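Annotated features, as they stand in Swiss-Prot:
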{"type": "BINDING", "residues": "LYS14, THR173, ASP174", "note": "ATP binding site"}
{"type": "BINDING", "residues": "SER54, ASP141, ASN153", "note": "substrate binding site"}
{"type": "DOMAIN", "residues": "280-358", "note": "domain 'PUA'"}
Amino acid sequence: MRSIIADSKRLVVKVGSSLVTNDGKGLDHAAIGRWAAQIAALRAQGKEVVLVSSGAIAEGMQRLGWNKRPREIDELQAAAAVGQMGLAQVYESRFTEHHIRTAQILLTHADLADRERYLNARSTLLTLLRLGVVPIINENDTVVTDEIKFGDNDTLGALVANLIEGDALIILTDQTGLFTADPRKDPNATLVAEASAGAPELESMAGGAGSSLGRGGMLTKILAAKRAAHSGANTVIASGREADVLVRLAAGEAIGTQLIARTARMAARKQWMADHLQVRGHVVIDAGAVEKLRDGGKSLLPIGVIDVQGAFARGEVIACVGPDGREVARGLTNYSSAETKLIHRKPSGEIETVLGYMLEPELIHRDNLVLV
C-alpha cells in the first residue's frame with residue numbers, strides 16, 4: 001500500500017503537544033528542529049505545508065514556573081500568551097536554518113464562523129503559501145472561552161485543510177495510529193492501515209481522552225478526518241515518534257492509519273456551513289421534512305418545522321434536527337427565530353398573512369443547506 005501523501009501537494013501537518021515539548025515542561029528545541037528539517041525536505045519536493053502546532057500553554061507553564069496545568073481559564077490564557085512568544089521564536093529560528101520564512105497565525109472559531117473573516121483568513125493563508133512562507137497556526141487561546149473553542153488542534157487542522165483546500169491532513173501523535181480496539185487492554189487489537197474517512201465503525205474503535213498535555217484523543221482525530229473529507233482532503237494519523245515520518249510518508253511509505261475521503265467534495269460555501277462548530281439555534285423538523293432533505297434534496301419549508309430552539313437572526317447558520325434528536329442538516333435561515341416561531345407548522349402561502357410580509361417561501365433554501 002502506497003502512502004496518499006506521496007501524491008499530495010498541499011499539506012496541513014498537525015503536531016501534538018507531546019511531540020514538541022519536554023514531557024510538558026517547556027519546548028523541546030531539538031524536536032522542533034527535526035520538524036523544521038522534515039518540512040524543509042517536503043518544501044524541496046515542491047509541496048506546500050501549513051503547520052498546526054500545539055505547545056504554547058506548555059511553554060508558558062515552563063516560563064511561569066508552573067509544574068501543573070492550571071484549570072482556571074484565565075490562568076490557561078495567561079500561559080498561552082506567554083508561551084506563544086517562545087513557540088514563535090523557536091520555530092522561526094529553526095526554519096531560518098533552512099532559509100525558510102515562517103508566519104504566525106492565531107485563529108478563533110469566530111474568525112471562521114463569520115463568512116467575511118473566513119474568506120480573509122483563506123486569502124491570507126493562500127498568499128503566504130504563494131510567497132513560500134510556512135504558516136504556523138494555533139488556536140488563539142488567549143482570547144477564546146470554553147463556549148467558542150475549537151476544542152483541540154485536530155479539529156483546527158481539519159478546518160484549516162478545508163479552508164485552504166488542502167490535499168491531505170497529517171495528524172502526528174504519540175500513538176501508532178487507529179487500532180480496532182484499545183491495544184493496552186486488548187491483545188488482539190490490530191492497526192487499521194486504511195479506511196474511509198467518516199466510516200461509522202471508526203468512532204466505536206476510537207474513544208478515550210487525550211493526555212494531560214493536550215486535549216485531543218483518538219476520537220477527535222477520527223472526527224477531524226471526517227471533517228477534512230468535506231473538502232476532499234485525505235487524512236493520515238501516524239506516530240510522530242517514527243524517525244523522519246514526514247519524509248517517509250512523502251516518499252510513499254505507508255505509516256499509521258490512512259483515512260480516505262471517498263465522498264464528493266462539498267462546494268466551498270457548503271463547506272463553510274458544515275464547518276460551523278457552534279450554531280445559534282436549531283429547528284426540530286418532522287419525519288417528512290427529514291426524508292425530503294435527505295432523499296429529495298429539497299428546501300426546508302416552515303410547515304415541516306415542529307419546534308424552534310435558541311435565538312438566531314436572518315442569515316445565520318442554524319441546525320435542523322430530526323424527531324430523534326439527531327442533526328440532519330444545517331443552513332442559512334431566511335427568517336429569525338422570532339419569525340420562525342410564528343410561521344412554523346404553516347404552509348408558505350400563509351407567511352405573508354402571519355408576518356405581514358414574505359421574504360422567501362423557504363425557511364432554508366436548498367442552495368444554502370448542507371446535509372451532515
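Indices start at 1 and increase along the chain as displayed.
Glycine too: its Cβ is placed from the backbone N, Cα and C atoms.
Features as recorded by Swiss-Prot, highlighted on the structure.
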| residue | record | Cβ within 10 Å |
| --- | --- | --- |
| LYS14 | ATP binding site | 31 |
| SER54 | substrate binding site | 26 |
| ASP141 | substrate binding site | 22 |
| ASN153 | substrate binding site | 26 |
| THR173 | ATP binding site | 26 |
| ASP174 | ATP binding site | 15 |
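Put simply, LYS14 is the one of the binding-site residues LYS14, THR173, ASP174 whose Cα lies nearest to the Cα of ASN153 (substrate binding site). Between ASP174 (ATP binding site) and SER54 (substrate binding site), the C-alpha separation comes to 13 Å.
Cα of ASP141 (substrate binding site) to Cα of LYS14 (ATP binding site): a distance of 17 Å. Across the structure, LYS14 (ATP binding site) and SER54 (substrate binding site) are spaced 8 Å apart at their Cα atoms. DSSP assigns LYS14 (ATP binding site) to a strand in the three-state reduction.
The DSSP secondary structure for SER54 (substrate binding site) is coil.
The average per-residue pLDDT of the prediction over the domain 'PUA' (280-358) is 96, rounded to a whole number. Reported as a whole number, the C-alpha separation between THR173 (ATP binding site) and SER54 (substrate binding site) equals 11 Å.
Among the record's ATP binders, LYS14, THR173, ASP174, no two C-alpha atoms are more than 12 Å apart, and one pair sits at exactly that spread. The helix, strand and coil residue counts that DSSP assigns across the domain 'PUA' (280-358) are 28 helix, 23 strand, 28 coil.
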